[in-house]
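**Q** Pulled the feature table from Swiss-Prot, pasting it below:
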- 23-43: transmembrane segment (TRANSMEM)
- 58-78: transmembrane segment (TRANSMEM)
- 96-116: transmembrane segment (TRANSMEM)
- 126-146: transmembrane segment (TRANSMEM)
- 155-175: transmembrane segment (TRANSMEM)
- 178-198: transmembrane segment (TRANSMEM)
- 224-244: transmembrane segment (TRANSMEM)
- 265-285: transmembrane segment (TRANSMEM)
- 298-318: transmembrane segment (TRANSMEM)
- 334-354: transmembrane segment (TRANSMEM)
- 367-387: transmembrane segment (TRANSMEM)
Amino acid sequence: MNHSPNQSRPVSIMRRFLDSESAGGVSLMVAAALALIVANSPFSQAYFDILHTHIGPLSLTDWINDALMAVFFLLVGLEIKREFLDGQLASWPNRMLPGIAAAGGVILPAIIFTAFNWHDPAKVRGWAVPSATDIAFALGVLSLLGSRVPSSLKVFLATLAILDDLAAVVIIAIFYTAEISMPYLGGAFAAAIVLFVMNRMGVMKLLPYLIGGAALWFFVLNSGVHATVAGVVTALMIPLKAAPGRPDDMTSPLHVLEHALAKPVAFIIVPIFGFANAGISFAGLDASVMRDTLTLGIMLGLFIGKQLGVFGAAWLAIKTGLAQKPLGATWIQLYGVAVLCGIGFTMSIFIGLLSFPSDLMQAETKIGVLAGSGLSAICGYILLRLVTKPKNT
């Protein structure tokens with residue numbers, strides 16, 4: 001059966017996306033492991049001193065979390081827009097299974113975390129920490145299985161993680177906003193309106209959008225809303241079409257910017273974030289940290305809540321006819337992928353940093369995230385390896 005170029009192009013886009021993200025996941029794993037080693041070595045003090053060094057108005061850690069991660073969210077926004085308008089999420093039938101599964105994977109971990117921490121208002125602020133899936137890390141683990149896993153499951157995991165990221169962006173914007181500065185918020189709205197007008201007027205040069213996005217980031221940073229939201233808003237204003245009324249092609253501003261950012265984000269920005277934020281010094285910490293409700297809520301929310309929430313919601317959607325099971329996938333394979341959804345790392349640590357100001361609570365958050373993500377990665381990988389066989393080529 002012959003396929004037109006337009007029919008095959010979204011698949012090739014997703015394949016390139018998967019390749020980039022899975023390779024980036026390996027880089028993230030290495031960066032996180034290196035951070036843990038350095039933070040517990042004779043170089044520990046130098047590591048933390050460098051991260052707290054001020055460069056202009058912000059510390060190095062703040063530049064990473066507020067500026068570099070805004071670029072990460074810019075790429076996330078570009079991927080979300082492309083997938084909704086021209087990719088795997090362009091039709092409602094394709095959105096149903098990952099959408100329902102993503103909702104289950106956000107709600108149940110939050111319930112489990114809250115059940116452990118409802119008695120402490122300071123801790124319950126972190127309810128969203130175990131609700132995220134790290135797309136790079138999860139696809140990195142999945143890539144280690146090669147041809148054992150049907151491509152439909154890789155697409156399912158990628159689209160679910162994209163919707164998960166969208167939920168995280170909304171959660172950050174609504175629930176993790178500090179005291180609002182109305183003048184700066186007004187400036188942010190003005191910058192967003194300028195970007196919108198440029199889009200409607202058919203401006204096809206990237207530079208004006210990047211300048212407008214930088215202005216938007218400055219205003220959002222000082223408004224009290226987290227600066228990374230600026231990255232997503234900017235992405236949504238960048239045109240997907242090469243010209244108004246023309247079919248989409250790879251020369252459109254969105255495709256050009258997405259292609260330019262994919263590898264720097266996967267191999268530079270995300271590993272830098274992992275190296276800067278995964279470093280936990282275990283000096284002074286004892287076994288009681290693992291029994292703390294904050295650590296347990298995050299760890300079990302990721303490891304238990306994610307897999308049960310994702311798989312349970314997917315099973316219900318398929319059994320009720322709301323969605324179809326991924327082509328060529330078995331129930332146990334779908335469950336294995338649901339286990340991998342408990343790898344929260346980047347977004348979970350990021351939300352944890354927004355939730356808790358104290359060093360101890362941040363350390364407990366990171367331990368919970370690392371434990372829950374590690375268990376999910378190991379168990380998901382072992383399960384999928386045991387129940388699948390590589391395809392003969």
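Even glycines carry a Cβ here, placed using N, Cα and C.
Quick one: where do these features end up spatially?
**A** If one looks beyond the transmembrane segment (23-43) by at least 6 residues along the same chain, the residues whose Cβ comes under 8 Å of a Cβ in the stretch are 134, 136-141, 143, 263, 265-267, 270-272, 274-283, 345-346, 370.
Listed by sequence, the residues of this chain that lie at least six past the ends of the transmembrane segment (96-116) yet keep a Cβ under 8 A from its Cβ atoms are 89, 124, 126-131, 133, 156, 159-160, 162-164, 167, 293-294, 296-298, 300-302, 304-306, 308-314, 316-318, 322-326, 338, 341.
Remote same-chain partners of the transmembrane segment (178-198), defined as residues 6 or more beyond its termini with a Cβ less than 8 Å from a stretch Cβ, comprise 208-209, 212-213, 215-216, 218-220, 222-225, 230, 233-234, 237.
Here the transmembrane segment (265-285) has Cβ contacts under 8 Å with residues 20-21, 23-24, 27-28, 30-32, 34-36, 38-40, 44, 47-48, 51, 60-61, 64-65, 68-69, 71-72, 75, 136, 345-346, 349-350, 353, 363, 366-367, 370 of the same chain, all six or more residues outside its ends.
Same-chain residues lying 6+ beyond the ends of the transmembrane segment (334-354) with a Cβ under 8 Å from its Cβ atoms: 28, 32, 65, 69, 72, 101, 105, 126, 128-134, 136-138, 141-142, 149, 153, 156-157, 160-161, 164-165, 168, 171-172, 176, 226, 228, 270, 273-274, 277-278, 298, 302-308, 310-311, 314, 325-326, 362, 365-366, 369-370, 372-373, 375-377, 379-381, 383-384, 387.
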**Q** May I ask for the residues of the chain that lie six or more residues beyond the transmembrane segment (298-318) and have a Cβ under 8 Å from a Cβ within it?
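**A** Distant Cβ neighbours of the transmembrane segment (298-318) are 96-97, 100-113, 116, 126, 129-131, 133, 160, 324-325, 331, 334-335, 338-339, 341-344, 348, 352, 364-365, 367-369, 371-373, 375-376, 379.
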**Q** Would you kindly list the residues that approach the transmembrane segment (155-175) from elsewhere in its chain, counting only those six or more residues past its ends and only Cβ-Cβ distances under 8 Å?
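**A** Distant contacts of the transmembrane segment (155-175): 14, 17-18, 21, 73, 76-77, 79-80, 83, 88-89, 94, 97-99, 101-103, 105-106, 128, 131-135, 138-139, 142, 225-226, 228-229, 232, 310, 326, 329, 334, 337, 340-341, 347, 351, 354.
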**Q** Within the same chain, where does the transmembrane segment (58-78) have neighbours whose Cβ lies under 8 angstroms from its own Cβ atoms, ignoring anything closer than 6 residues to its ends? I mean 6 or more beyond.
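**A** Residues 50-52, 162, 165, 169, 213, 217, 221, 226-236, 238, 254, 257-258, 261-262, 264-265, 269-270, 272-273, 276-277, 346, 350, 353 contact the transmembrane segment (58-78) from elsewhere in the chain.
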